[in-house]
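In what follows, a structure is listed as structure tokens, so that the remarks can point back to it.
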Amino acid sequence: MAKAKFERTKPHVNIGTIGHIDHGKTTLTAAITKVLHDQYPDLNPYMPFDEIDKAPEEKARGITISIAHVEYQTEARHYAHVDCPGHADYIKNMITGAAQMDGAILVVAATDGPMPQTREHVLLARQVGVPYIVVALNKSDMVDDEELLELVELEVRELLSSQEYPGDDLPVVRVSALKALEGDPEWAGKLMELMTAVDTSIPQPEREIEKPFLMPIEDVFTITGRGTVVTGRAERGVLKPNEEVELVGIREKSTKTTCTGIEMFRKLLDEARAGENVGLLLRGVKREDVERGMVVIKPGTATPHTEFEATVYILSKEEGGRHTPFFQNYRPQFYFRTTDVTGVVTLPEGTEMVMPGDNTTMTVKLIQPIAMEDNLKFAIREGGRTVGAGRVTKIIK
């Protein structure tokens, strides 16, 4: 029976290392795999530094990012851990969400304290909705002065509090990734302490299947004698036949109706689940009442909006993006889920223009409403070509 088998496997959590360049993010990632390999050899292969450092490139919404994916297990959990070698890769990953993080390990060198990129990563983590942070105070073996260590820890806590993380309460663990990698038992113990903090301070995320049903509509057609069918890939939740649904987005008004049947490859199903490509038969809905870009939802669980704040990354010319900057009142298309909607851009005060390769915040006003929530990802396009990527940080109206 599949269900019992699933409960036997460990809960899965996605995390990543963030922080300033050369503070030891990649060394720490390698050290975690080594220490966990030594502790639970049958569960964990060891991943050396140079394998993580030469991370393969992958594309997310047309943007190339170098990301290293590492897997490991503690006694309690199975982790997928992302580490990006370059600072630009981090920013791109966090904004495009190529690798989603349920929590992050913020690496700060005790020898330096928080640096500009430390601040930038924490700010971005807050903007893109990384919900929990655990701090690894790395290179602690190189600082003999206890007072200095306490001072650095205080600085990190204040930085996190300034971005609305619980800076006073979250775990800060003093580690030495290099010493742990060299096999020093005391520092290996500190790394196990860090992983225990990750196990206990980064809560289990809610699985997509447990959230309310949402399916973006990709296509609409009419089946003679049966009515209108909408197809798409269910993004989250579960839907059963004869449940009420709501159609949201693109039009001024949302429509409520009943889903009278669910099919896949012309077979009827008893439910549609997150991740499945399905057709939903809708009662009493005309073909012209629905279109691509709307979403089918559990009634009341998503609302249409036209105005929002966002954090975005604009592709460089080398990445196939624009060759020139854009200015106030720029009017590209914003691609949400399955459709493009034109929007007008207002840049933040003090920003006159945005260059290719920049990341920035902006306010956008769409010409049609989209079912929207905080953190929703989108691409910015011009004539079907991706020129940027972003996510909603705040809904205005």
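Just so you know, glycine gets a Cβ as well, placed from its N, Cα and C.
Range with Swiss-Prot annotation region 'G4', chosen from 118-121, 138-141, 166-169, 382-385, is 138-141.
Comparing HIS87 (GTP binding site) with THR26 (Mg(2+) binding site), their Cα atoms are 12 Å apart once rounded.
Mapped onto three states, the DSSP output places LYS25 (GTP binding site) in helix. Counting other Cβ atoms within 10 Å of each Cβ, the binding-site residues LYS25, HIS87 show the lowest value at HIS87. Mapped onto three states, the DSSP output places HIS87 (GTP binding site) in helix. Taken residue by residue with DSSP, GLY19 (GTP binding site) is part of a strand. Mean pLDDT across the region 'G1' (19-26) comes to 94 in this model.
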